[in-house]
Ligand code: SF4
Ligand code: SF4
């Protein structure tokens, strides 16, 4: 792992500990001890150093910024904190990766290592790697981080729904900022009519269908080892980068369309284009933890015409009309809960019997997003790409000619 990856994992595992230790009873403490044991087994010297830094910075932060907010606003603060830290981490990762490829292209030895987390942007490589692992027991030596990230994010959706979208995805946060910027210059919340909304939403299902076709059908199982060894697959990250950075008319058109939807509509990218969000929404159908409304506490049962939860929902879900939110668009962002008047407190995230507090939601998400990849790296050696530097340099020179 690179320094930025190690710092991010250390921060995520610290948040996991923190969330577990805030649980009442012995369960949380036992789980925190198990996490500590897993860390001790899997962490290398880089990660221990990163943990020391994170602890020091966290201690300093708590000392100079003592916690003053209300407990009701805790979820919002945790969510914003996590999203902003991950965006910062992604920005540094992108800068390090660009520097790496630039130096590679100039024939120099890169100063800094390639951050393997960039492979998280390769859903096809991840899906085919996962298939090869499951069907043939073959691990992908070139983009193992793509396999691991696709697996852990999908697993998180089976338990926590689309919490990844609401709490961790940096693209969602950038989209919100761009939309806010547009609203400042051109005020107004623009909501498309229902028919256009459905038409626009069809885009992400089409993209997801295309990706699933390639992952599940286009490459026969027997051909998977050959595909994973191909030059095209080995250079998949550089091909993806070149698509966006060389700005062909096609790439410029795609980027322009993404930007237009993002600034025009609230959550335009997540709602209309992101195939990852569509995939996680499908998996979230079976998730036991979801937003639930207690009818007996809801002010509507007392005759008030309240719909504050629905008005706060960025996904335009009619929360005030349902008992449990089953929409594929819900990202467990808890904005509806924050909007519900405190005298009612009628909404919760959890199962029908148990409320899931924001610290535990954060902890569970960190378990999937940080602890499992750490174990995959430390115990299974499944994170760092094994593609030799000379091969990568050679493929970079051939990039325009590589195709599947
Ligand atoms: S229903 Fe609540 S948690 Fe789900 S997206 Fe809407 S505001 Fe967020
Ligand atoms: S905001 Fe709370 S009280 Fe109002 S409709 Fe929604 S759940 Fe009921």
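Glycine is treated like the rest: Cβ placed from N, Cα and C.
Pulled from TrEMBL:
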{"type": "TRANSMEM", "residues": "32-61", "note": "transmembrane segment"}
{"type": "TRANSMEM", "residues": "82-100", "note": "transmembrane segment"}
{"type": "TRANSMEM", "residues": "120-138", "note": "transmembrane segment"}
{"type": "TRANSMEM", "residues": "150-174", "note": "transmembrane segment"}
{"type": "TRANSMEM", "residues": "205-228", "note": "transmembrane segment"}
{"type": "TRANSMEM", "residues": "240-260", "note": "transmembrane segment"}
{"type": "TRANSMEM", "residues": "272-291", "note": "transmembrane segment"}
{"type": "DOMAIN", "residues": "321-352", "note": "domain '4Fe-4S ferredoxin-type'"}
{"type": "TRANSMEM", "residues": "356-376", "note": "transmembrane segment"}
Stretch-level contact, the transmembrane segment (356-376) and the transmembrane segment (150-174), CB cutoff 8 A, at least 3 pairs: yes
Cβ-Cβ under 8 Å with the transmembrane segment (205-228): same-chain residues at least 6 beyond its ends: 123-124, 127-129, 131-132, 135-136, 138, 140-142, 273, 275, 278-279, 404
Three-state composition of the domain '4Fe-4S ferredoxin-type' (321-352), taking helix and strand from DSSP: 6 helix, 5 strand, 21 coil
Per-region confidence, the domain '4Fe-4S ferredoxin-type' (321-352) (mean pLDDT, whole number): 92
